[in-house]
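Asks: Got a structure here, written out as structure tokens. Questions coming.
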Amino acid sequence: MRTRFSSNQTATRIFRSPAMIGWVLFLLGLVANAIVQPTLFKLSVINSNLGLAAPLVMVAIGQTAAVLAGGIDLSVGAIVTLTNVLVVSLCSFHHTGFWLAAILGVAAGIAVGVVNGFIISIVRIPALLVTFAMMSIINGVALAILPQPGGQIPADIYQIYGNTVAGLPFPLLLIIVGVLLWVVFRYRKIGRYLIAVGGAAGSSRANGIPVTKVRFQSYVLSAMFASLAGLFLTAEVSSGDPLIGASYALNSLAAVVLGGTALAGGRGSVSGSVGGALFLILVQNIVYFANVPSYYQTLVSGLIVVMGLATTGVLYARSGKWRLTNGR
Amino acid sequence: MLKKGLATTIALSLVAVFLLAAGCGTPTGKGTASSGGGSGKSFVIGVANGYIGNDWRTQMIADVQQVAKTYEKQGVISKLIVENANNDVTQQISQIQNMINSGVNAIMIDPVSATALVPAIQKAQKAGILVIPFDGVVNNPKVTNITTDQYSWAKGGAEWLADQLHGKGNIILMDGLAGVPAENIRAQAEQDVFSKYPGIHVLQKVFGGWAEATAEQKMTSLIATYPNIDGIYTQDGMGMGIVQAYTAAHKTPPLMTGDVTVGFFKYWTEHENSGFHSYVESNPPGIGATALEFTVNMLQGKKLKSSSIQANPVDTSETNTVLVKSPLTVTDSNLQQVWNSTMKGKPSSYSLDAWLTPSQVDAYFQ
Amino acid sequence: MLTIEGLRKEYGAVVALQGASLSLVPGTIHALLGANGSGKSTLVKMLGGVVRPTEGMIWVDEQRLETGSPAHAIHQGIAVSYQETSLVPSMSVADNLLLGIEPTGKAGYVARRAIRERAAEILDQLELNIPPDVPVAELPTNAQHLLEIGKALVKRPKYLVLDEATAALRREEVKRLFSIVCGLRDEGAAILFVSHRFDEVYAICDRATVLRNGAVVGTRSLSKTSREELIQDMIGQRISLEPVRQETGNSIKKQSLRLKARSLTNSELGGVDLEVSAGEIVGIGGLQGQGQTALLRALIGAILVRGDLETEGHRGLFRNPSHAAESGVRFISGDRGREGVFGQRSIYENIMIGRIATSPLWQRAWQRGKNRAVRDLVEQLKIVHHSLTQEVRGLSGGNQQKVLFARTLASRPNVVILDDPTKGVDVSTRMEIHRLLRSMAGAGVGLLIASSDDEELAGVCDRVLIMYEGRIVRELTGDLQPSHITKASIEGAQSEKGKGAETRADSL
């Protein structure tokens, strides 16, 4: 017992940490991308990549909250869409100011999270079913609000989004703001309790943690980040589209898993998910610049993602094994 | 231990895939071609197609590639990059951005959305890239949309019908879908033409939804209601439905405008001698190839005549659109020739196709 | 002062606790004793707020405790160290120690430095030399149990409940714990000490309450009570069911050896030797959690173990349960729902799966000819049903258990290993199952049965092995009485205590 643990194992622990996988994948992707696309590090190129990455990063952060607490949120894509169509239609058809529209759009997204959280944590229906149903419902609502793509937000908004501020790409600033927003929660009690509840709900309850409340809040957090993502995406595309968020539900889950967060909950980190999300964006670039014909791009990017996921999965199994042999 | 080995294997193969991908990428280097971009040089052109899931679009892309091949042989185009988005705005934006970042000279866009692409297009223009939306249009005064002239398309058929009826008779209007931009433009043309002929009486105007089945159903009840139909004006996609309604009623259709599909042409060629007459103006997938001709001309520094640029048919407040007249019209006189040269033996989903020749395109430029 | 008044807990028709009352006096250590299933753990969980009592109340310092709320219990100064621990494996040592009572600084942020400091303090106090940022999952079992205790201590409780806290600890760790606990007592805290180790109880406790079958037998001052008196309280007079064994008698002579295990060793087992002959029923008894489950699972290859194993036609340890099944060694788990029946499949499929499981994967599975055999088995076992195709989950617990027996019989086993075969089964089905076990033995099968029910062991077994801390400490043969088995289980804890702890310490 006495000599089993020494301080230099802290270093190994960091390298074994699940979040590392996300960042290692991201770095691998970055190197591969830089090889096929020598202009990758030009400011304008970074800017445009981050512009697309920011919404996915935000959704992935929110999804991490839901997954850490032992749940799943399939409705994030629909929430992205809802915020997008609400903001755009308020701006262009109801002459609402952009910022008021933005606040209303985000509030609507959060309201969806409140409903999700209520049904899952209090009515106790499995998250998979609730959020899947919610996805259909909200997609329907979005279609009713804006049946056809269109509308426009003020030009200065999307011009800022595609620009730099103080030499830094604006979307990068937004990503930083998103991560900081997460930090606000992560280092309060709720941040720890998400992990505790996802890791061992029974133990959490025995220690006086309000399990139901934590579960509820995880869906509100997830929805909040998803609706912020919807706002960022609106700034990126400048107009509304009732189908715009469809890909985010599964992509955010892929980012979360690539970032080393266990789908079973209780283990993982947002920083890993951010790495995973950036990796997914890079994969799109790589297949394009590697001259993969358009018809095969989906196939090749799918294969790369599957291999990334397999690496994550196997590394997990390995850390589990370490624990098994530890007793002897 | 086994697991560890597996992890290493997967990680290594991941690296291998990346390197392989990287290996494919380096020799051609998409970014390099643009550096030579001066006058009379070879161009890299990107095509961001919003959707590839139907025959018409597939034919459109094939046409673009066919024309590009000729230009590649001449050394005018060094590379054509085609990207298809699955009707997904973000995917199309990402593809446009990748094209910008790889330094293409021009981007042709068949847009998923008339509005959502504006920021991406502005980015491209800032980078000095020529942006040509085609087929669909984009609402932005600074681009040049290339699209088929729906007004003149509709006008051609209407005038032919009025002419054949010698300005007298009862007709049916089989239109598309109320409220859709293309329908509004075409309906305007129909009204403009037929109102000039006081002898022509419109029995009824119905909407067939550009769908064969709907058209057949509507026509069947019209045949029962009106025994005295002298002519039918129909838009595309519905000609065969009308023919089938008449066939089911054991009648021969009266004078009617037709459809671009192989199925309709087959009927027409088979019944030409038994008194069936029609007129078909193509709304061709070749618009993509036509747009490529325009793009090459503009890259080579030619300027469009100011008369070539007209109001955006979707948002008429903007003047940013080249309305291309349909390049091919089929009547009884050239039916056999067209059928034998382009349609015969093609699958039934194939649409009559044509695009403007370089000299026809030249006429739009100064 | 903490007073418990008439606590009662029912789980459906089962009464876990029937009106228990006791008082914890500040400055004293109070022992809670009782045999398996006497309701100790239920009582502890009610104190911690994890289980809400059906009736009764708890008073803390003249205030009524809001039952069923762990947060409120903690707020009232009650801290519990649970037998099965309440740690979050993926979280770090420090985070676990202060889970639920994190100090927060300005703006509601958790004061991480304070957590580390408090954690280091407690780790020091427990003399645990582990860095506070390792995930708990990576710690060995004894360290995890020490952390569970540390988690209670860190709350500086007025009322500390230790449920079998010493079970997984080594000797010097127990000593250290006692000095801490005694320190707390001297500062005026009241401690409820739940244990089966009499030495420890006599070493630190002032009074002892004995529970039997969910009821309080009495509270005694330990200075005036002998061990024998306590044991008597725990065993009591039990109503003995008609012993099944006598029906078929001991006519079956010991024949060839069906199963022979030598020095099975892993983290939970300390070198177990075991033999089962054809036609013999061997019982495994002892207090709960002494390695019985691990032993059964080690035998069928479900968990890692070192040692040697011999069965008919096979030598060596089994790689996995399927390997064991191929050699005719079948296991019937005590966890019927998760490891026994396929609830949503038919009776027919549930019975046939045992046969099919050992045949090659690509072999055609559902042969019609087997219908007859299954029907015979169902009739022989008197499984109450209306159709062979009905879903098993619709059957009663007893009938589900019989389906498992039918499955095992259909596969013609040499050895059958059973974990609590009559758990949650009514009395008449229980008798039927006991008869069935005897008839299986009569047909030459060797049976090994682990049970927490000493009456069952006495009634059905030829011999009973008593386990204590991962080893077999006693073998009972001849005329078996339930009270003898209970006594041996409890006493096993006494006679073997020192030695057992020493061996475990060495193996770590």
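Each Cβ is built from the backbone N, Cα and C atoms, and glycine gets one as well.
Annotations for this protein, taken from TrEMBL, read as follows:
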- A:50-69: transmembrane segment (TRANSMEM)
- A:76-95: transmembrane segment (TRANSMEM)
- A:101-120: transmembrane segment (TRANSMEM)
- A:127-146: transmembrane segment (TRANSMEM)
- A:166-185: transmembrane segment (TRANSMEM)
- A:219-237: transmembrane segment (TRANSMEM)
- A:243-263: transmembrane segment (TRANSMEM)
- A:270-289: transmembrane segment (TRANSMEM)
- A:295-317: transmembrane segment (TRANSMEM)
Asks: Residue list, the transmembrane segment (A:219-237) vs rest of chain: Cβ under 8 Å, 6 or more residues beyond ends.
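Replies: Hits for the transmembrane segment (A:219-237): 51-52, 54-59, 61-63, 65-66, 71, 73, 75-77, 79-84, 87-88, 102, 105-114, 116-117, 120-121, 127, 131, 153, 157-158, 160-162, 171, 174, 178, 181-182, 185, 244-245, 248.
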Asks: Checking distant contacts: for the transmembrane segment (A:50-69), what same-chain residues at least six beyond its ends satisfy Cβ-Cβ under 8 A?
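Replies: Non-local partners: 76-77, 80, 127, 161-162, 169, 171-172, 174-175, 178-179, 182, 185, 194-195, 197-198, 214-215, 218-219, 221-226, 228-230, 232-233, 236, 248, 251-253, 255-256, 259, 261-263, 265-270, 273-274, 276-278, 280-281.
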Asks: Please give the sequence-distant neighbours of the transmembrane segment (A:76-95): residues at least 6 beyond its ends with Cβ less than 8 Å from one of its Cβ atoms.
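Replies: Long-range Cβ neighbours of the transmembrane segment (A:76-95): 55, 59, 62-63, 101-102, 104-106, 108-109, 112-113, 134-139, 141-142, 145-146, 150-154, 222-223, 226-227, 229-231, 233-234, 237, 239-250, 252.
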Asks: Go through the chain and flag residues at least 6 beyond the ends of the transmembrane segment (A:295-317) whose CB is under 8 A from any CB in it; none is fine as an answer.
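Replies: Result: 18, 21, 25, 254, 257-258, 260, 262, 279-280, 283-284, 286-288.
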Asks: If I count Cβ-Cβ pairs under 8 A between the transmembrane segment (A:101-120) and each of A:127-146, A:166-185, A:243-263, which range comes out on top?
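Replies: It is A:127-146, which has the most Cβ pairs under 8 Å.
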Asks: Rank A:127-146, A:243-263, A:270-289 by Cβ pairs under 8 Å to the transmembrane segment (A:166-185) and hand me the top one.
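Replies: Of the candidates A:127-146, A:243-263, A:270-289, A:270-289 scores highest.
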Asks: Using a Cβ cut-off under 8 Å, which residues of the same chain at least 6 positions beyond either end of the transmembrane segment (A:270-289) come close to it?
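Replies: Result: 18-23, 25-26, 29-30, 32-33, 36-37, 40, 49, 52-53, 56-57, 59-61, 63-65, 175, 179, 182, 186, 251-252, 254-261, 297, 300-301, 304-305, 308.
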